[in-house]
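Structure, as structure tokens:
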Amino acid sequence: MSSQTFLAALTGSFSTPCADNPTVAMIEAAYRHHDMNARYINCDVKADGLADAVRGAVAMGWAGFNCSIPHKIAVLAHLDGLAESAAIIGAVNCVVIRDGKLTGENTDGKGFLESLSGVTDPKGKNFCLLGAGGAARAIAVELALAGARHLTIVNRDAARGKDIAGLINDKTAAEATFQPWTERFAIPRDADVLINATSVGLGDAEAMPDIDPDSLRHGMVVADVIPNPPRTALLRAAEAQGCTTLDGLGMLVNQGVISVRLWFGQDVDATVMARQLQDIFGVART
Ligand code: NDP
């Protein structure tokens, strides 16, 4: 008898539309590199198909799945439990299935935190966060749970910005204030880290969030969530001012690393995933 197995561990993603989502290529590159007998399947799941898709994943013994638009909140109804940050954020983009029980995690902010931890410890630091959408919310919560001192949330839509500031003040030990974004914004002098968590720069290397570039100070950490193109106008301006920069491609790769860790308890090589994405995005390998 052969010792070969023809049964792979299954993982994947539920979202729609999803044809442009490169996560499958990134994660399967890691599976191949580490010789893991696992597959990742990109599934186009419409809103009214989510319950069946989740039941199917459980029935087929999947190790877990990512979920994205439009399922990040709707999936909560199908889960048995939530990780701490996912419960505060109120959204899930990674589900772990163990012994038939489903646990919801949110890797958006964790992926950012993993990038940040390579350059600074968030504990006791002041953050300026541009944007108040899903990415900003997840990043704000993870920073607060990691010991950030203060977060300034800057957004055009005041209701969304106030909502995140309120969430941080009510549910975590960190402090947050909201700053309306009505004109060119000067980064507060006491900010240690600036994060662009808006969609400005996505698919447009010249698009720059409306901030005063002279308020970027030497020694400040400047991070962008935009994965493509990764070298955004903001990061180029920050480099010119002597800031330390972090790109959104690294954050995206870290999310893949974290998902595989959650599903299989195995740490995969981030470089292999980054190269795969860089090839897909047509940017120079780092
Ligand atoms: P949302 O649609 O939930 O939020 C978009 C945010 O961008 C809002 O705060 C919105 O402000 C702001 N915004 C949009 N246009 C402008 C503008 N011209 N000037 C100022 N603010 C603007 O999106 P997400 O939070 O889900 O995603 C945001 C970005 O993060 C996307 O580009 C996405 O690709 C990226 N992302 C990257 C990840 C990674 O791993 N690298 C992970 C997740 C997301 P307002 O509320 O005022 O409209």
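Every residue gets a Cβ built from N, Cα and C, even glycine.
TrEMBL labels come from automatic prediction, so no person has curated them.
G248 is the residue from G109, G111, G203, G248 that TrEMBL records in the NADP(+) site together with E84, G131, A132, G133, G134, A135, V225. In this structure, the binding-site residues that sit close to ligand 1, with a C-beta under 6 angstroms from any of its atoms, are G134, A135, G248, chosen from E84, G134, A135, G248. Fewest other C-beta atoms within 10 Å: among the binding-site residues G131, G133, G134, G248, that description fits G133. This prediction places the mean pLDDT of the domain 'Quinate/shikimate 5-dehydrogenase/glutamyl-tRNA reductase' (122-199) at 98.
For the pair G131 (NADP(+) binding site) and K72 (active site, proton acceptor), the Cα-Cα distance reads 18 Å. Put simply, K72 (active site, proton acceptor) is 9 Å from G134 (NADP(+) binding site) when counted between their Cα atoms.
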